[in-house]
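> Quick one: structure below, then a few questions.
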There are 2 protein chains.
Amino acid sequence: MAKQLLGKEVTAALNERIKADVAKLQGKGINPTLCIIRVGENGSDISYEKGATKRCETLGVACEKILLPADVSQDELLATIDKVNKDDHIHGVLLFRPLPKHLNQSVIENALDPAKDVDCMTDGSMSGVFTGKKVGFPPCTPQACMEILDHYGIDCTGKKAVVIGRSLVVGKPAAMMLVKKNATVTICHTKTVDMPAVAKEADILIVAAGRAGVVGADYARAGQTVIDVGINVNAEGKLCGDVDFPAVEPVVDAITPVPGGVGSVTTSVLVGHVVEAAMRKAGE
Amino acid sequence: MAKQLLGKEVTAALNERIKADVAKLQGKGINPTLCIIRVGENGSDISYEKGATKRCETLGVACEKILLPADVSQDELLATIDKVNKDDHIHGVLLFRPLPKHLNQSVIENALDPAKDVDCMTDGSMSGVFTGKKVGFPPCTPQACMEILDHYGIDCTGKKAVVIGRSLVVGKPAAMMLVKKNATVTICHTKTVDMPAVAKEADILIVAAGRAGVVGADYARAGQTVIDVGINVNAEGKLCGDVDFPAVEPVVDAITPVPGGVGSVTTSVLVGHVVEAAMRKAGE
């Protein structure tokens with residue numbers, strides 16, 4: 001039976017570190033503050049907003065909201081971003097995407113100051129992920145994967161890591177982060193030939209395939225750590241990951257469950273970015 | 001005996017494409033122009049400058065030079081970059097680095113407009129390499145590797161590609177470009193365990209280890225394409241690559257020589273970026 005890598009344990013430890021940093025900032029009169037900009041009334045945006053708001057409260061981080069109608073003009077949204085860029089008391093900004101189609105998403109994303117880009121939507125943050133420089137912030141989900149590895153003391157140096165998926169939100173940044181941690185990293189995707197054989201080589205397997213249960217026992221071997229980034233709803237209406245958990249769990253050494261794995265860590269990573277942004281600004 | 005992938009053949013074909021684009025631009029009254037900014041009198045800078053100047057002449061691209069003393073102030077250099085940014089008749093800018101130590105290289109690099117960043121020194125260009133978006137330009141050396149693969153019709157889709165090296169100048173961008181070409185890509189580096197075994201898996205092996213002759217026959221197998229990015233001087237004072245050519249060449253299917261391989265393609269790639277910058281500006 002594999003060790004389960006539990007999001008709640010990672011989050012608990014992460015929250016303690018964040019709270020300590022918040023206390024340090026407050027001691028200097030700084031109140032770390034997230035600003036959420038939401039365009040329209042998308043259900044999953046509202047749900048994420050609720051989670052982020054609650055987590056901010058728990059961790060002592062202020063959370064302000066700017067709600068704009070779904071038909072907001074490009075100019076108005078850009079003016080809003082310009083305002084939060086210039087507002088010294090706001091340290092991090094979360095803008096929900098995709099935006100309504102009448103808006104030029106790329107222009108709007110890059111209007112944000114990378115220093116406040118806690119959710120990796122600017123080219124500045126993207127370059128930071130790629131170069132390893134402290135420009136902006138990495139996306140929260142792959143960083144949550146790294147937090148899990150770190151928390152459970154899984155050293156990556158010299159290990160074979162395989163990432164399934166090449167998206168900008170998970171796959172590519174996860175690969176860059178694993179290279180930085182000195183793993184030998186392989187990036188797989190839909191064009192990969194004999195993916196099970198490639199995945200089986202992995203000591204650390206990060207799965208962001210975006211399809212329920214596609215990673216079965218043929219991808220797994222003893223000794224592996226499997227991090228499942230997938231969040232899907234199965235035929236019975238239940239949440240499940242990209243890994244066929246009942247098939248893979250008995251084979252590998254360690255695995256994240258879904259739900260209760262990566263997903264539950266990302267909100268704290270986001271709030272942690274706000275606090276880190278405030279610390280960078282304060283020169284900490 | 002392996003097929004030799006010759007830089008001069010790739011360059012000849014690339015030059016024809018560039019000349020056709022230059023003719024198209026000139027037909028519209030646009031004169032594609034590179035501006036070289038050199039600080040001080042570094043020998044290898046001067047040597048590269050000569051090569052680039054000559055290649056520009058051959059291809060009908062104008063080449064202007066701004067020479068600054070080694071003790072130029074940061075403000076003066078930034079003012080120079082601001083001037084070329086605003087100068088509509090300059091399409092691409094090459095600034096030699098590393099800069100003298102009294103200058104803040106990161107600030108200076110990012111002062112350049114990514115649209116004119118033909119040598120990938122801005123965060124904008126870095127993000128473009130990472131995301132695959134047309135922001136700035138990729139570094140010339142890994143693109144030269146891709147030009148070689150393309151010229152010789154080596155399809156990457158579904159192939160296993162292994163990149164040795166994780167620098168921002170070659171390894172990481174080469175990996176991203178290979179992922180874009182639908183290869184399954186593995187990034188190796190100094191912390192990789194049993195690199196020969198990993199390299200042997202490759203259908204396409206890109207070597208940017210930065211050490212003469214480190215890749216021997218134990219890295220090679222029949223069927224491989226080997227691209228050697230290394231440029232070193234061996235004990236006899238001769239130019240050589242990172243691959244032990246006499247040992248590897250008899251084993252593999254195709255290989256680039258050094259000299260005469262990747263290095264000879266990069267200058268045309270640079271000039272091609274200038275022309276591409278002019279075409280993007282003209283809305284082509």
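Cβ atoms here come from the backbone N, Cα and C positions, even for glycine.
Pasting the feature list from TrEMBL:
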DOMAIN    B:6-119  domain 'Tetrahydrofolate dehydrogenase/cyclohydrolase catalytic'
DOMAIN    B:139-281  domain 'Tetrahydrofolate dehydrogenase/cyclohydrolase NAD(P)-binding'
BINDING   B:Gly165, B:Arg166, B:Ser167, B:Ile231  NADP(+) binding site
> Filter the binding-site residues B:Gly165, B:Arg166, B:Ser167, B:Ile231 down to the ones with a Cβ under 8 Å from chain A's Cβ atoms, keeping sequence order.
B:Arg166
> Express the predicted model's confidence over the domain 'Tetrahydrofolate dehydrogenase/cyclohydrolase catalytic' (B:6-119) as a mean pLDDT, rounded to an integer.
97
> Which entry in the list of binding-site residues, B:Gly165, B:Ile231, has its Cβ near the fewest other Cβ atoms, using 10 Å as the limit?
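Among the binding-site residues B:Gly165, B:Ile231, the sparsest Cβ neighbourhood within 10 Å belongs to B:Ile231.
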> Other than its own, how many Cβ atoms are within 10 Å of the Cβ belonging to B:Ser167 (NADP(+) binding site)?
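Its Cβ has 16 other Cβ atoms within 10 Å.
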> Check the DSSP secondary structure of B:Ser167 (NADP(+) binding site), expressed as helix, strand or coil.
coil
